[in-house]
Amino acid sequence: MKILKFGGTSLSNSELFFHVATIIENNLNNEQIAIVLSAPGNTTNLLEIAINQTINNKNIIPIVQKIEKNFLKLINDIYQVEQKLLYEKIKNNIENKLLELKNLLQGINLLRQCPDKIRAKIISSGEYLSISIMNSILISRGYNTTIIDPVKKLLTKEDTYLNATVNIKISKFRILSMKIPKHHIILMPGFTAGNKQGELVTLGRNGSDYSATILSVCLNSTMCEIWTDVNGVYTCDPKLVSDAKLLTSLSYREAIELSYLGAKILHPNTIYPIQKFKIPCTIKNTHNPSSIGTKISCNHVKNKNLITGVTYLENVHMFSISCLYSKNIETIIPKIFSCMSLSKIWIILTIQTSSQNTISFCILKTMTNTALHVLHKALYLELKHKLLKPIKVEKKLTLISVISSDILNNTKITEKVFSILKHVNINTLAISKGASKNSISIVVKHDDGILGVRALHKGIFNKNCTAEIFLIGIGRVGQTFLKQIIEQKNWLKSKNIDLKICGIANSKNFILNLDGINPKNWKRDLNLSKKSFNFKHLLNSIQNYYLINPIIVDCTSDKNIANQYISFINCGFHIVTPNKKANTTNWKYYEDIRLAAQKEKKKFFYETNVGAGLPVIENLKNLLRTGDTLIHFKGILSGSLSFIFGKLEDNISLSEATKQAQSLGFTEPNPKDDLSGIDVARKLLILAREVGYKLELKDIKIEPLLPKEFNNISNTTDFITKLKELDQIFCNRVKKARKLGKRLRFVGIINQKGNCQVKIDEVDHNDPLYNIKNGENALAFYSKYYQPIPLVLRGYGAGNNVTASGIFSDVLRILL
């Protein structure tokens, strides 16, 4: 025997009714099937609206007409396909139900209230019509059926009409006494049962699910399947957390805990019957029948992560009741729980407090007024004689819970939870982990709820080394960086590294997608974007997201962006950049960036500031960390000038060599910036500061390559034309050096006293810079450890590929 229950989203239209009928047929494999159905679509909600509008003397005709229209359309659409359908019989059932509904609503209108007995009759109407329609479909397909009337067969324990529980023993006897033939498909409306007087009552929240598990026990079934609109139970609400993972297996205890603490799955009352009788239950997706679903049983596969899921309850209020004397609290607590229980107010959990004379507990917002009333009544004398402080209620809270199989015995989980919340600056108002060994619950402000849930889920379940990259500047280097990430996709995946491009900005446009920008469409999306990069806008966009390793990658040469680095760091971002402006501005800002990074425990990597892809900065730092000291430095620090001066050796003119360097991408858009020597001076300043010299850019002496009259030329074409005037001068200098067995090189020098100079130098064949050309950089460090032969770093110091690879390397250094 197998029980199949289908919810309202599985029965919203004729296509879904046929689809459900097919699922039923596919399950008729050597075992009997029993079906429990909810009302179609949003029928129950419409019925609730009709009741409330009637009480408030509002026009209900449109609501009733909508309900009637929905059902008539449903059976008409079914009849168009299933000609054998008992159409007139179903139509009469619908008309009779609607007539009964109208009469009941008329009575409510006269009373100006709705007794629970009447409410139960009205809100359960849809389930009976679902059964009538499905029964007719199955009969038209040649199947024999038996319908169980839950009002006659399921006996409830209490006299309540709206939230009843079922007496399983008597109900089971009644149903088994029906002696239903084995070849019959059994159908039963969900959500309802009968009291001792034989009156219809409802089973509360998730009532149809409860009906299914009760029927499973009553029919001695081997499996209960709950068919809904999701693939099963997830590690978190997939509507809130896009990468929530499907849980294929749960224990009964875990399922109860998840449900109790906010997961939108089965209600705890639904699980208790199958837990007691050890009946497995699988949650399946009507729209995706092939999905494995989530199986709840006593033989579940244990979660390797130890943690089952993260749940949340919104609209929670926290009550705090304090005694003046700690000895009185022991007499107060039973009174509190007794009056709350009698009033059927659900205490979600009690809270640990540091004070021994205070008890705190959480309830749902909807019960707050009732709770205050019953508490003031129960504790009247204590409050009157001021043995208690006034009852304190803290509102607008969210309860976040982490469910684990054995959380109390695993302190690492608790430590991780608080570490993650601290990382995103969420203040914990209260903690509870004593009520159950399977969960820890944290009370936070409502505004922190979504961020807290996302942060905990990502921090707990993300097993990859993840970085969220916000790329500013999408010129040649920026585009090459993106290309390299795409090309290394398989390697990154093999190392469990997830680099998500979450933002891309140029001088005009900005796109943002915290789930990751599609690398194939970024150009189109950026061009279509009407937003420009604004750091405040970025912060507003990410405030409800937990970013594991957010990295600003600044591929601009923009001073304004560089001036925001401290703000980036203080807001939780690492920084990777080839932009030299931040490291070559005034010494105070240079120092403040490093202090901010140290304080916030963030990385500020700028390896590409000096040698593009060459590992210059980190190697220099390693030397100094191990006690080495710099005696002398000499290097070719410009790929463009390396190329140009190399071409001069090949008897190519200065102007022609500069044009070639520009066409190959070695120079800035205007080559004047390269030939001014300022770029080399900036790199030299960065190296000098790394060594410990507190210098400013003005302290670097630059031997200008160009006469002063070149400074006013902004047009690139005009500049190249004007440059021809210097061709002969440089040709003569090359010849002069050649006669001496030397070559011209444009170098940066740091001497032992920290004096820095940028100049054209004549180097002989013993100099490590002698053979450097074609865009190569070479840096010779003479130190206490490396002399008389220096440590030389040599390689291409310009070009899109090597610069982008240096940026890529810095990003990976943050993760690895």
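Using the three backbone atoms N, Cα and C, a Cβ is placed for every residue, glycine included.
Note that the structure is predicted; figures quoted are calculated from it, not measured.
In Swiss-Prot this protein carries:
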REGION    1-250  region 'Aspartokinase'
REGION    251-471  region 'Interface'
REGION    472-816  region 'Homoserine dehydrogenase'
BINDING   VAL477, LYS508, THR556, LYS580, GLY665, GLU668, GLY799  NADP(+) binding site
BINDING   VAL477, THR556, SER557, LYS580, GLY799  NADPH binding site
BINDING   VAL477, ALA505, THR556, GLY799  NAD(+) binding site
BINDING   GLU607, VAL610, ALA612, LEU614  Na(+) binding site
BINDING   GLU668, ASP679  L-homoserine binding site
ACT_SITE  LYS683  active site, proton donor
Spatial neighbours of LYS580 (NADP(+) binding site) among the recorded positions SER557, ALA612, LEU614, LYS683, using Cα within 10 Å, are SER557, LYS683
Quick note, LYS508 (NADP(+) binding site) and GLU607 (Na(+) binding site): C-alpha atoms separated, nearest Å, by 27
In three-state DSSP terms, LYS683 (active site, proton donor) is classed as helix
Of the binding-site residues THR556, ASP679, GLY799, the one whose Cα sits nearest to the Cα of VAL610 (Na(+) binding site) is ASP679
The average per-residue pLDDT within the region 'Aspartokinase' (1-250) comes out at 95
Comparing the Cα of VAL477 (NADP(+) binding site) with the Cα atoms of the binding-site residues ALA505, GLU607, ALA612, the shortest distance belongs to ALA612
By a three-class reduction of DSSP, GLY799 (NADP(+) binding site) is assigned coil
Least surrounded, by Cβ count within 10 Å, of the recorded positions LYS508, LYS580, LYS683 is LYS508
Here the binding-site residues are THR556, SER557; the one whose Cβ sees the most other Cβ atoms within 10 Å is THR556
Given the Na(+) site GLU607, VAL610, ALA612, LEU614, its other Cβ neighbours within 8 Å of the Cβ centroid, in chain order, are THR608, ASN609, GLY611, GLY613, PRO615, VAL616, ILE617, ASN777, GLY797, GLY806
Among the binding-site residues listed as ALA505, SER557, GLU607, ALA612, the Cα nearest the Cα of GLU668 (NADP(+) binding site) belongs to SER557
Residues near ALA505 (NAD(+) binding site) by Cβ (under 8 Å) yet at least 6 apart in sequence within the same chain, in sequence order, are PHE470, LEU471, ILE472, GLY473, ILE474, ILE511, SER532, PHE533
Out of GLY665, GLY799, the listed binding-site residues, fewest other Cβ atoms within 10 Å surround the Cβ of GLY665
Checking the binding-site residues GLU607, GLU668, ASP679 for other Cβ atoms within 10 Å of each Cβ, the smallest tally belongs to GLU668
